[in-house]
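Participant: Let me begin by handing over the structure; questions about it come next.
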């Protein structure tokens, strides 16, 4: 007889190697064929809804690790909720308008000027949809479960129709108006540019220090005192309307050569030499806040220049007092509006001065730099001029410098409902908590929202103009345009004449002759995605507003979180979300931003081909995503190692229950041994902790909890000593069936707990466990937390035992290193105990040699009896010696009774009994 044939070795069809790159697409095809997404929705129909609303990625370019991080977090949440008693549909979306798509079309060599706007827009739409298709394939390959056949896409007619309604409702409430605001303007292209069309290059500019004389010091400064400003754009001096100082900085009045000057105290040391103030004396110090509304005179025009308080004035460079031209700068404009200054931008589209800048009419702005400095010198206001090289914005097409220039734009007034916005922010639950402060401060401090863009590819502003120039936005026109867009798409705006866009028979007092024109600007793309609560949450029957969760990168506080909040509060009075969760950015292994120039980009598509989607997903679960996260080949290697441990644990469990039927072979809890109960209690604790962590979106905690359970509780303890039972004992022995009961519970529980994170691997485990015709793991619910008898008492006892077991393991390791023993199975452990440890061992039941994975065990009372050589630590001493006896051929345990049965001279008594009873015919 071959004794090895009497061993009950593990058997499973679950392979050791995951082969994920090849296996995952097979599962995905099966899920699609079986309509798994729809089945999950059917299973959860009627349950409480939990709606995670997808922030739309931009439909341009290959998916990067940021996409993978974002979509995987969302998918884990939705899968968790779907297994936790909620109905949690997931509708993915895409943001499809805007400049990058126009640029991509231009790069293909399309001659934009040789076609109509409508034709150009059709090319943009086609390009956007191919990008959507490419990204959709990538997201599906990542294992993201959602309604991929019916996503929301911002260019679809039904979406645009709802966006028009949002605009109309805001206009109806008086929140939409036309005004002036500075934008990047390219004189060389004669057009406004978005930030994406700007590139920075070095440019040499005149750097000048200019004195503005005080005419009304408000009791703080004497008349005739000079406030000194610094600028690198002398050409903007003709548009100067004010000076900005920081309210929280200290400024000094100094006297030099009979003149008084005001500069920031912190900058005085550097300015003494630069401006020849070496001998200047400090007359007084004033706070920036005290200078608010002091009046100075423009250096060469007969008008006032008002001193204002603004945070953007700093003591980092210059003088601490900032020349302010509201028509030529973002900060200048915002503070100019706050102080009600004229928004003067005396340049035409080509960058040439108009008659609004007397003395410079018809001069190109760059040429005017020299003329302005000469004029300042002539009037005695120029204190210093030098040349500096600095990084300056250029038009990425023409490579020529751009300017800030105020032009007429459409705005959404934030002031009109700012208090409602702030109250809404306070009513939302933010994770991380700092998100609330961040958005609250942003909303509190933000100016009005410029919603118009002078571009072609976007949703048209649905505005008509009467003969007298009056803008027409009425319920009638808005509803009509909304329905036109719903039927034909927004291209109809560019394809039809005005009369064919207006409702039949439309009249307006401002157009006595019945003539109208239409707006040519489009909406800011943030208005597109910011309307999704109306176009998706409110419009789709399976969804609802407000959503339970918005979850995006931390850059979306100023983006989608902000625009969505603005439009939702404007039209509904409440936030579109109950909870907001944000994640950081994906950086390389050294914490650097990924970029092609650094050559450190890692693309999810490539990683999935090499390692599989479940490895990418496990990486996402392993990181503290609320901060910036790192990813590299080395980090993914570490994650793969954890995956391997989890997979091996599953394989061991599956292999050792191949002859186990839970219905007929399962052992009830009360009939289990204490050590088996202890493992089920630990498993139950894991269920509670993991479910709590899912609920708190703390996936890295789950990663560590499950990894720890598989590695420590199972691999290093229970599964290790179990081999002496499940391989060796008779198939139907009580102890073997008890351990198989625990194994079965463990594999079922772990598979369910891991399903949201590792959807492919857990499906494979589940199919191996249940067999042919198994219903998907993703149609199961998460395990419940059970109430197990005597759990506290059993846990306390066995936790204490595990600490002692650690000491025994250390002693065995020491003995191996000292060559006292080879394998631990050759050892005898003698344990010397006192006090609590003695009481503990008296109360424990079990085969301690088996539990310590040694051949022999002896318990001796009295630490004082331990020999010098014993390994000592709190309350116990461990002596390791070589076990006496022979090694049993079947179980490999060293026993004194080997050969007790003469028919089986190489077997111990236990093995001989098993063989005789169960294997001898």
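Positions of Cβ are set from backbone N, Cα and C atoms, glycine also.
According to Swiss-Prot, the protein carries these features:
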- 552: L-isoleucyl-5'-AMP binding site (BINDING)
- 596: ATP binding site (BINDING)
- 888, 891, 908, 911: Zn(2+) binding site (BINDING)
- 57-67: motif ''HIGH' region' (MOTIF)
- 593-597: motif ''KMSKS' region' (MOTIF)
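Describe each of these features in terms of where it is and what it packs against.
Facilitator: The number of other CB atoms found within 10 A of the CB of residue 552 (L-isoleucyl-5'-AMP binding site), across every protein chain shown, is 23. Under DSSP, residue 552 (L-isoleucyl-5'-AMP binding site) is assigned to a strand (E or B) in the three-state scheme.
The local packing around residue 596 (ATP binding site), expressed as other Cβ atoms within 10 Å of its Cβ over all shown chains, amounts to 7.
The Cβ neighbour count for residue 891 (Zn(2+) binding site), using a 10 Å radius over every protein chain in view, is 22. According to DSSP, residue 891 (Zn(2+) binding site) sits in a coil region rather than a helix or strand.
Remote same-chain residues near the motif ''HIGH' region' (57-67) are listed as 94-96, 98, 100-101, 104, 128-129, 131-132, 134-135, 138-139, 153, 553, 585-586, 594, 601-605, 631 (criterion: CB distance under 8 Å, separation of at least six residues from the stretch ends).
Remote same-chain partners of the motif ''KMSKS' region' (593-597), defined as residues 6 or more beyond its termini with a Cβ less than 8 Å from a stretch Cβ, comprise 64-65, 585-587.
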Participant: Roughly how many angstrom lie between the C-alpha atoms of residue 596 (ATP binding site) and residue 911 (Zn(2+) binding site)?
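Facilitator: Given the Cα positions, residue 596 (ATP binding site) is 65 Å from residue 911 (Zn(2+) binding site).
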Participant: Mean pLDDT for the motif ''HIGH' region' (57-67), rounded to an integer?
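Facilitator: 93, rounded to a whole number.
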Participant: What's the CA to CA span in angstrom from residue 891 (Zn(2+) binding site) over to residue 552 (L-isoleucyl-5'-AMP binding site)?
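Facilitator: Each residue's Cα considered, residue 891 (Zn(2+) binding site) and residue 552 (L-isoleucyl-5'-AMP binding site) end up 56 Å apart.
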Participant: At the Cα level, what's the spacing in Å between residue 552 (L-isoleucyl-5'-AMP binding site) and residue 908 (Zn(2+) binding site), rounded?
Facilitator: 64
Participant: May I ask which residues of the same chain, at least 6 positions away in sequence, place their Cβ under 8 angstroms from the Cβ of residue 908 (Zn(2+) binding site)?
Facilitator: 888, 890, 891, 893, 895, 897, 898, 900
Participant: So if I measure Cβ to Cβ from residue 911 (Zn(2+) binding site) and keep only same-chain residues at least 6 apart in sequence, which ones fall under 8 Å?
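Facilitator: Counting only residues 6 or more apart in sequence, the Cβ neighbours of residue 911 (Zn(2+) binding site) under 8 Å are 3, 728, 888, 889, 890, 891, 904.
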Participant: Residue 888 (Zn(2+) binding site) has how many other Cβ neighbours within 10 Å of its own Cβ?
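Facilitator: 24, counting other Cβ atoms within 10 Å of residue 888 (Zn(2+) binding site).
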Participant: Determine which residues of the same chain, besides 888, 891, 908, 911, have their CB within 8 A of the center of the CB atoms at the recorded Zn(2+) site, and list them by sequence.
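Facilitator: Same chain, not in 888, 891, 908, 911, Cβ within 8 Å: 728, 889, 890, 892, 893, 895, 898, 907, 909, 910, 912.
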